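Worksheet: one structure, shown below.
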Amino acid sequence: MPEDDEDDFAGVWDSDRSRPGEPIDDDTARGPAEGRPARTRRGASGPGSRRWGRLAQRWVPDSLRDSRIDPGKRGALLLTLVAAVAASVAAIGVWRDRPEPRPVQAVSLAQASAVATDRTPGTTGARSTASRGHPATGTARADATQSATVVVSVTGAVRRPGLVRLPSGARVADAIAKAGGTTSSATLTGLNLAAKLTDGASVVVADRADPSSGASSGSFVSGSDGGGGGSGTAGAPAGKLDLNTADAAALDALPGVGPVTAAAIVAWREKNGRFASVEQLQEIQGIGPAKFAALAKLVTV
């Protein structure tokens, strides 16, 4: 054996080898050939064993270097019991520290909507009244429905005369189409098909085959100008439009009068003063004999 191995294991003896100063028994004296087989030294198998030998020589007392720990059945049972108790305590601690669910209060959507409505810029008085506890939902919906549609009377030479319901902003042509269109004897002369309809307006389509009507052109009267509807007289309105007080919008609603002619009538009135007679309309550029004949029955001074 090399010398360094001898140094590493100096003072480390097998359990069968006597220490210095101790008597040698017969088996030890006889050696491995005469007695039981000789045991090899611990750590003599390689460099790792030499390192462990140094640690044992330095830290382990001499009386414990050859000891073997054997707790026995009772000791093993006691260790198992201690481990089980420790595991139970740890499990209880983890279970008690687990997160607990907490119920969340339900959010009232109605209240949130009310707050959002109150804070909306440009809130009208109706909304403010509703937010104070005066319900106006049904009224507001009814008003919105009414403002979204208009009811117009369509009579004369149409296929289905009567009341028609149209969306807001509809034109005279839309009302005639809603009434089934014109008949073969209808005439649209003097009827402004592009005029916008208002609620309660009356549209009368002239009929050439009805001599008793005495009219050669249709008529349109808006609901804001007196409303009246034709009743078999080819559109004679219930009330005539005063040329001295009517504004450009009212004049524009007359059959055959567009924005240009309405502005010309207002300009003539501002320049020459009040109309003395209906015949003075013929002095305005753009109003010829045919248009004057249609307007003479619808206006007054």
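Yeah, the Cβs are placed from backbone N, Cα and C, and that goes for glycine too.
Per TrEMBL, the features are as follows:
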type	residues	note
COMPBIAS	120-131	compositional bias 'Polar residues'
COMPBIAS	212-223	compositional bias 'Low complexity'
COMPBIAS	224-233	compositional bias 'Gly residues'
DOMAIN	249-268	domain 'Helix-hairpin-helix DNA-binding motif class 1'
DOMAIN	279-298	domain 'Helix-hairpin-helix DNA-binding motif class 1'
REGION	1-54	region 'Disordered'
REGION	112-144	region 'Disordered'
REGION	209-235	region 'Disordered'
TRANSMEM	75-95	transmembrane segment
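For the domain 'Helix-hairpin-helix DNA-binding motif class 1' (279-298), DSSP puts the residue distribution at 13 helix, 0 strand, 7 coil. Secondary structure by DSSP for the domain 'Helix-hairpin-helix DNA-binding motif class 1' (249-268): 14 helix, 0 strand, 6 coil.
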